[in-house]
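Worksheet: one structure, shown below.
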């Protein structure tokens with residue numbers, strides 16, 4: 001699904017990531033760890049083509065990202081659900097419309113019952129009409145997750161999804177992500193929360209990747 | 001200003017437009033700008049059409065009329081006038097000819113000397129009005145005959161002052177058309193600036209839309225629809241006000257039909273109907289170009 005071959009990423013002449021080689025298989029569950037500023041967010045941005053690698057080859061769904069036009073990237077993002085730490089909503093639209101936004105963008109009809117079920121799944125059925133600024137941090141994260149999965153993407157990328165949440169809410173979100181993985185979705189979570197990784201490994205066979213010194217390492221054994 | 005703009009109507013966004021948050025003040029400002037431009041466009045259109053009519057009228061009326069001025073001592077005036085009329089009666093290309101009477105002379109001079117002018121006490125030349133046939137007359141031949149038989153008569157076919165008048169009217173028509181083009185360009189520039197400001201202010205919205213898989217055309221459409229609607233609505237408002245103002249202009253028939261009113265005539269009243277769709281087209285093109293150009297910079 002996502003394949004990196006000696007991928008490098010530079011910002012203004014400074015190499016942030018280098019020689020990254022990885023193959024993310026369908027249905028896998030990965031954690032991405034590393035110190036702040038190591039390049040976790042940059043790695044995720046490469047995975048949904050917000051950034052282009054400065055070196056190496058990056059294939060998304062079998063296509064070299066350098067060959068993709070702007071419309072191709074848009075279509076690709078419908079197959080990749082993204083959950084950011086800051087969630088990124090349209091604050092003037094109610095939660096219901098924010099969650100259904102990928103459907104509107106894709107020109108697909110919104111099934112009210114499916115939407116209701118989805119909001120129920122993330123525990124936000126009662127907040128459908130609320131505006132994003134009226135939601136708590138945990139509610140916003142769950143809403144972002146609902147939006148990320150509404151198009152039934154093949155891959156789910158989450159960037160510090162529990163960064164602003166208490167432990168109970170973090171576990172609740174993790175449970176949802178594990179459920180998605182059991183449904184066959186590939187999940188990649190960037191986090192520095194080792195407790196969250198331990199909790200996940202108790203439920204799914206997750207691999208842990210660590211970015212250190214600009215390179216990607218498999219770091220599952222030390223947890 | 002904001003309070004004033006608040007009085008203007010604003011359409012509620014529908015469908016895809018909803019992804020862009022409502023912007024009350026800038027929306028009304030765009031509406032007001034489009035209205036002002038449409039108002040000016042109505043006047044430029046009226047000016048262009050009126051000057052076109054004026055040029056046609058002057059060209060046609062003056063081309064088919066001429067004047068013979070007879071300057072002679074008082075005791076010879078009647079004889080020379082009679083001689084001139086006799087010559088005209090047998091000159092090919094003359095449809096009609098007549099000597100202006102005292103009342104007509106007084107009317108011609110009254111704008112300069114007032115209505116109580118004692119024409120009979122002034123040494124004025126006698127004027128003879130000549131109306132030509134469509135084929136026209138031989139001006140040079142007539143001048144030679146007049147010189148021989150009525151030495152005080154001078155034939156004036158109006159060429160000297162007809163050409164600059166028609167040229168001026170034609171120039172005025174071109175200026176009207178140029179004004180319309182400039183108004184269109186200024187409208188496009190202003191809507192482009194407003195659209196760019198709206199796009200810049202909605203960077204977060206655009207990022208979210210790109211994140212969830214929106215293509216550039218979808219994002220651009222949300223802005224384009226909104227600005228097209230604003231441009232159209234404002235232009236309708238401005239056009240209605242402009243047409244009403246043109247209709248309220250004073251009539252210029254008092255000028256004896258020589259001048260023309262700065263208004264629309266007959267089917268010409270339908271021309272302003274083209275302004276709102278054109279304004280909408282300008283808004284559509286300007287916003288779409290601005291949006292697609294800006295979106296290229298956002299992955």
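Glycine is no exception: its Cβ is also placed from the backbone N, Cα and C atoms.
Annotated range for transmembrane segment in TrEMBL, selecting from B:172-199, B:200-227: B:172-199. Check TrEMBL against the ranges B:136-154, B:231-249 and you find transmembrane segment recorded for B:231-249. Looking at B:26-47, B:48-69, the range annotated in TrEMBL as transmembrane segment turns out to be B:26-47.
Taken together, the residues of the domain 'ABC3 transporter permease C-terminal' (B:180-296) have an average pLDDT of 86.
Beyond the ends of the transmembrane segment (B:26-47), by six or more residues, the same chain brings 5-6, 8-10, 172, 175-176, 179-180, 183-184, 186-187, 190-191, 194, 197-198, 226-227, 230-239, 241-243, 245-246, 262-264, 271-272, 275-276, 279, 283 to within a C-beta distance below 8 angstroms of the stretch.
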